[in-house]
Every structure is written in structure tokens, then in C-alpha cells.
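TrEMBL has this to say about the protein:
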DOMAIN    27-225  domain 'Neurotransmitter-gated ion-channel ligand-binding'
TRANSMEM  226-247  transmembrane segment
DOMAIN    234-322  domain 'Neurotransmitter-gated ion-channel transmembrane'
TRANSMEM  259-279  transmembrane segment
TRANSMEM  291-310  transmembrane segment
TRANSMEM  409-426  transmembrane segment
Amino acid sequence: SKREIKMRKLDSTKVRPLKSEQFLRIEDHDFALRPGFGGSPIPVGIDVQVESIDSISEVDMDFTMTLYLRHYWKDERLSFRSNRNKSMTFDGRLIKKIWVPDVFFVHSKRSFIHDTTVENVMLRVYPDGNVLFSLRITVSAMCFMDFSRFPLDTQNCSLELESYAYNEDDLMLYWKHGNKSLSTDEHISLSQFFIEEFSASSGLAFYSSTGWYNRLFINFALRRHIFFFVLQSYFPAMLMVMLSWVSFWIDRRAVPARVSLGITTVLTMSTIMTGVSASMPQVSYIKAVDVYLWISFLFVFLSVIEYAAVNYLTTIEERKQLKKRGKASGMYSIDAVQAMAFDGCFRDTDVDVDLTAFSDRCEENDTRARAASVSNADTTHMKRKRSLKGNVGRIILQNNHVIDTYSRIIFPSVYIVFNFFYWGLYI
């Protein structure tokens, strides 16, 4: 009647459907149900184009990826007549009124659809009812990393896709074009990793409450750049270990020099180890870099212990010699030791002389050296240099304990063997 028509016009809650909705006859169907409800599972094809891998976090053990996710399926309820057999493209406003696959990312922490300048969603419908649904998404997902070989490691991560509500009896999720369904941008690069490969695979996931679900995997392998860690960790550790060896060539009675050098190298190694640990997750197993740094720290620590042993044995030896020769152990012996530590004329067998005899013998040696230099004025410059080097080397050897002599050979040899073994094992 005219009254009912008038009432419908005045009812503001009624919203006229859009022309696209009228064209696709959306109001004639119940899109709360999947296509072919009650029959065989609907096949939904997937293909993915990876735009970028934005970040890899070792501390959080996750990665962030931006990708184009495309779904393909057939819904005969959306078929329409077309003389030219052309498809129709819609934006995101129509998505909320039709059925779309409920694909989600397994183990994802955060994800969003880009919405600048508008929501990055596209729906394309073909006359026969085939549908293409495309999204541009950024997702952060977990990556179960193994750091036992860090920083010489290769990490295998995967992004997993699955239907949330529909198990394999209602929806069959598969890669649309097989292995070619996964494509990547040619310019993808990361600061700390080489991207070795991308691959697509599929499988099944079981949930005790709801059954079996199809699951798709985007797999990629990441190999870490080693050069950064060589410069920041390995090379400084090597230098500190080699610097600690300088102690073996310093006079054993130069206590401040050798102790200061040992403590400095120990503290520096501690700083390097703390810096590496601060940028890593607190895992309960030993990493490859921990092995190297702890062994290097042990070498530095042993160089300090080595001097403690040298100093202790030297003190015992001097006391024994003083007792044998009947010398007093008071201030006299202390002054003698200090004088011998800083005088190039010291000999280990000369500890029993007094200071006067010691200085007289030094003056006598100086007189002989000056006489020898005058008599040998016609020798070449090369011979003088060799003689000087020989004297310096003899003085150094005579003023060091036998432990220092062996340490100069044993410490570098063992450290070189350790490096060969370490790099051969992990590379």
C-alpha cells in the first residue's frame, strides 16, 4: 500500500545497497557460510611475494617481514554476467560483506595491514566466480634460533600460514603454483645476514580439540656476517692475549710494570666479554664466541699467574743464596735487590756482594767497555749494532727466570694450536 511505501522511505535505518552489491547479488546469499558448505572442502590457493625482511632480533628471537599475501578460490555466489568476460576489482569495503578465507600467521607476535593512504586490500572477482584477494601485510613472528655456533651460525626461520576456523574437512590450503608460489624482491638485504635461500613447503597441524589443519611454510635460511664480529670481538681478544705475552720479556723484578700489564689485559678482556653478552639473549648453553673469549681470558689470566710464580720462586731463590753466603736479610738485601733490578750489570751470581763492590764492578765494566770501543773504532756499523743487540738480549735472558723462557714458547704455541682447532671446528 501507499502507506507502507511511505513508511519505508521515512525509515532511516534502511541503507540502500551499493551498485556493486546489487550487481553481485550479495543480499541474495548468506556469506556467513563457506562456498559449497556441507560438501567437499573448498580449495584455497596461496601465493606470496616477500617485499622485505625488515629486522632480525636475536634478543627477542623473532623477525619482521613485509609481504603481499594473495588468496585464490572460487565462490559461485559471486559469479555475474559479462559480455567481455572482464573481472571486477573492489577495495576493502566489500570484504566485510562476503566470505573470505580466515588465514592467520602461526607464532606471530604482531601484524598489521598497511593503511596508507588507504587500506592496502584488493578484491578481484571474475565472471565465473573465481576470486583473487590480496593484502599487503607486515608481520613479526617467532624464529626458534640456535646460538650454539654464534656468530658462525646459520639460522633457519619460517613463517607459517593456516586457517583458524576451518580444518581440512572444510578448507584445503595449498600453494597456488607449487614452488613458484613464493617470490622475493631482488634487492632484499640485511646488515648482519646473508639470505641463502627461500623455499615453500606444506604440511598438517593437529589440535586435539578441533582436528587437522593444512599449514603452509615460508622457509628461509640466514647466514651471519662474520666480519663484524671479527673486528668487534675476535681481533681485540687476540690483541689482548698477545699483549699479555709482553710480560714474559720484562725484567722479573719490575713488579709494577708486569702487574699493571696483567691487570689491564684482564680487565679489557672482561669488558669485551660483557659487551658481547649484553647484545645476546640469556641462553642456558655455551655459544661459540663464549668458548673463544673464555679461552682467551684464560690465557691472559694464566700470564698473571705465571708472573706470580716467577716472583715467588725468585724471592725464595735469593733468600737461599743470601743464607748460604751468610748475608743479612735486612735493609741491605732489599737495597741490593732494587739496585740490581734497574742496573744492566746485574748477574744472578752476584747477589752476595755489597753495594760498594757492586758499583765498583759496574765502573770497571764501563771502563772496559769504553776502552774496547776505542780499540775497535775501525769496525763497521753493522757489527756495532749486532753487538748491541747481543748484549741487550743477553741481559734480558739473564734477568728473567727459566719459567719466563719457557712461557715465551709455550703460550704462543698453544694459542696458535687453539685458533687452528677453533676455526677448523666452527667454519
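Even glycines carry a Cβ here, placed using N, Cα and C.
Heads up, TrEMBL stuff is auto-annotated, nobody curated it.
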Other parts of the chain folded back onto the transmembrane segment (409-426), taken as Cβ under 8 Å at six or more residues beyond its ends:
149, 152, 241-242, 245, 248, 288, 291-292, 295, 299, 302-303
Looking only at the domain 'Neurotransmitter-gated ion-channel ligand-binding' (27-225), what is the mean pLDDT?
91
Sort out the residues at least 6 away from either end of the transmembrane segment (291-310), same chain, that have Cβ-Cβ distances under 8 Å to it, and list them.
233-234, 237-238, 240-241, 244-245, 247-248, 252, 258-259, 262-263, 265-266, 269-270, 272-273, 276, 400-401, 403-404, 407, 411, 414-415, 418, 422
Going by DSSP assignments with H, G and I as helix and E and B as strand, what are the residue counts for the domain 'Neurotransmitter-gated ion-channel transmembrane' (234-322)?
75 helix, 0 strand, 14 coil
